[in-house]
Amino acid sequence: MEVKGEIYRVAGPVVTAIGLDAKMYDLCKVGNEGLMGEVIQIVGGKTIIQVYEETGGVKPGEPCVTTGMSLAVELGPGLLSSIYDGVQRPLHVLLEKTGGFIQRGVTADGLDHEKLWEFKPVAKKGDFVKGGEVLGVVQETVNLEHKVMMPPDKSGTVADIKSGNFTVLETVCTLTDGTELQMMHRWPVRRPRPVKRKLTPEKPLVTGQRILDGLFPVAKGGTAAIPGPFGSGKTVTQQQLSKWSDTEIVVYVGCGERGNEMADVLWDFPELEDPQTGRPLMERTILVANTSNMPVAAREASVYTGMTLAEYFRDMGYNVSLMADSTSRWAEAMREISSRLEEMPGEEGYPAYLSARLAEFYERAGVAETLCGEKGSITAIGAVSPPGGDFSEPVTQNTLRIVKVFWALDAKLSQRRHFPAINWLNSYSLYKEDLNDWFTENVAPDYVAMREKAMDMLQTESELQEIVQLVGSDALPEEQQLLLEITRMIREIYLQQNAFHPIDTYSPFAKQYKIMQAIMKYGDAAMDALKSGVPASEIIKMESKDELPKVKFEEDFDGSLSAVLAKMDKEFAALGGR
């Protein structure tokens, strides 16, 4: 039901209306052009609306109409491979309607209402179906079966259910109380979708990135943050996670970042193969593009839109990874709206409720038993862009209180061309202990011990670096000289990874383990040789050691590694270290 009021005041993206009988979070059409907005505050007879489009030229006295509905997304077949703006308008539809530059007041349906999908019923006539249970299935892509579910807030006995080709608006099921159900339903973005219960994460998200999988793993259903200064590799790391994570669905939210970065994703993903299925990566991806040149207020909507789409697929029992790049831009949008509302500012001008909003977002991630009895997960990975790389600023600090994995990007590493530029001394993962059993069973019994040994060595190296910078490495005892050489190998062979190399971009667990095992084998044999009287300089000069870094780029990895290890054994035997 539409209720009409009029605009009283305009302050940037915030519009105040009078005579509007609206509820909190109702959608409104603002001004003569019908700009989309959302009610964020009601004070006395005044309704305050944040507008998701540019408000230039909107003036007091123009009409303002409430739709009586909250900001909701359309959920149903046809979501995958889509690219939306922050309020689920498909960008290709907007392109057809308005050309390259999006005009104001344009509306578009989130799903294609004309396309036919083959619906196969699962529920039968006479079945009592509760909210979240499966009515039927649609084969959306070659590898993904889209489960058409009863909306979570409805239930009833099936009176009639159809089979065949239908659009998302046609009725496929009728309940005994007369309720007609379609393949599509709408869900408010600010309301988390219900689940039976939350579960403890038990499996790692396999990313194919050695430093992440090996040293700082994130669990499926976990939360992680990637803070870092400009140019340190946040977006490339996020894109690597989008490409190679072993989840069935990836939702990539480009929130206030450059448009070129979304263009990169659109350019690369259709050409890249998913290592799990061999199909184009775009088939499992949904993009929510809310770039830096789009209106500020829509950034907030884009984060909630992305999370609601992720929850929908989680409810089907799929594992979803959600990339938010960058949460700092979302926080800056909150700061702007807050200042327009003349609220009391908190630290650095951010609103006092910043930490509550961030927590609200990350808490919607997790592993859950869904209403249909399946087990699904959402892994939320948020990039943070602190000004000047200052991790003490409010967005980074509030994010670190919430997330369990911290991948700290370091400008100094990126300047040295060490990528991924994740600082192994500042980063941490609180899932390590929970995932140790999985690594022991699925990778190797000595995997955890090897990882801890490597971390201890890297820690010792950082302590020795201060002495080395003062007096040089030659002044150190030979044992410590060897340790520095081994840690250099860990850094350059294991931790460094080329995102743009066709082979090195993705490293399976078996390969990661063998690389680390080879480095440790060299380290143990080198220490034994040193104890038996071989000078450290002789051990460091070995040819096989210098061939080891090339192995990770070879297609025949196992064959190349075996040849290098055999050569290493001969060289150590010649030195008399064994």
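Cβ atoms are placed via backbone N, Cα and C, with glycine included.
As the structure is a computational prediction, the values presented were derived from the model and not from experiment.
Going by Swiss-Prot, these are the annotated features:
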- Gly228, Pro229, Phe230, Gly231, Ser232, Gly233, Lys234, Thr235: ATP binding site (BINDING)
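When the binding-site residues Gly228, Ser232 are compared by the number of other CB atoms within 10 angstroms of each CB, Ser232 has the fewest. Least crowded of the binding-site residues (Pro229, Gly233), judged by neighbouring Cβ atoms within 10 Å of its own Cβ: Pro229.
Listed in sequence order, the residues Ser385, Leu409, Ala411, Ser414, Ala421 complete the 8 Å Cβ shell around the ATP site centroid, once Gly228, Pro229, Phe230, Gly231, Ser232, Gly233, Lys234, Thr235 themselves are left out. Non-local contacts of Phe230 (ATP binding site) by the CB criterion (under 8 A, 6+ apart in sequence, same chain) comprise Ser385, Gly389.
With a 10 A radius on its CB, Gly231 (ATP binding site) counts 13 other CB atoms from all the protein chains. Under DSSP, Gly233 (ATP binding site) is assigned to coil, being neither helix nor strand in the three-state scheme. Less than 8 angstroms from the CB of Lys234 (ATP binding site) sit Ile226, Pro227, Gly228, Asp325, Ser326, Ala383, Ser385, Leu409, each of them six or more residues away in the same chain. Its Cβ placed at the centre, Thr235 (ATP binding site) has 24 other Cβ atoms within 10 Å.
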